[in-house]
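Asker: Take a look at what Swiss-Prot says about it:
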type	residues	note
TRANSMEM	15-35	transmembrane segment
TRANSMEM	70-90	transmembrane segment
TRANSMEM	95-115	transmembrane segment
ACT_SITE	Asp125	active site
TRANSMEM	135-155	transmembrane segment
ACT_SITE	Asp143	active site
Amino acid sequence: MAKAFGKTSGSMLPWLGLALILLIADQFTKVLILGYYRLGDATYVTSFFNVVRVHNTGAAFSFLASASGWQRWFFTGLGIAAAVFIVWLLRSHAGQKLFSFALACILGGAVGNVIDRTLHGYVVDFLDFHYGNWHFPAFNIADSAITIGAIFLVLDELRRVRRS
């Protein structure tokens, strides 16, 4: 049985592999968007989904997007710090499957968005879900991976609390 803290059995390599797959999927889709779409271009796919090209200089939901530019480096540093911390956690808890899956998702997404901020100064978003005139803020594969990872972290904690 895995311990709540401390080393557990298992290799972190499969989790790093999952993070790498998510990172590659994220960057590949962003390369396609940057290559085929100009800023603001949109393809209407369904009555509720578009593919668009949006540049997000802020964080989730464009938080701090209108700041003077310092946020690029702040969020880049935060992403790097999160990635280092996640790798450290994976080394210690690789045998905890649900926890490690969640961390791998967050790691892949965080690194994907750090790459964008470093190369472009913004994160490339392109998935646009909407209903009528209401639009959910555009997002990308990295954002999806981070969200899925966060959901699984909560589920893992609920499972852990339920067992105790």
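Indices start at 1 and increase along the chain as displayed.
In case you wondered, yes, glycine gets a Cβ from its N, Cα and C as well.
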Asker: I need the CA-to-CA distance for Asp125 (active site) versus Asp143 (active site), whole Å please.
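Answerer: One finds 9 Å between the Cα atoms of these residues.
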Asker: Return one of helix, strand or coil for Asp125 (active site), based on DSSP.
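Answerer: Note: Asp125 (active site) is in a strand by DSSP.
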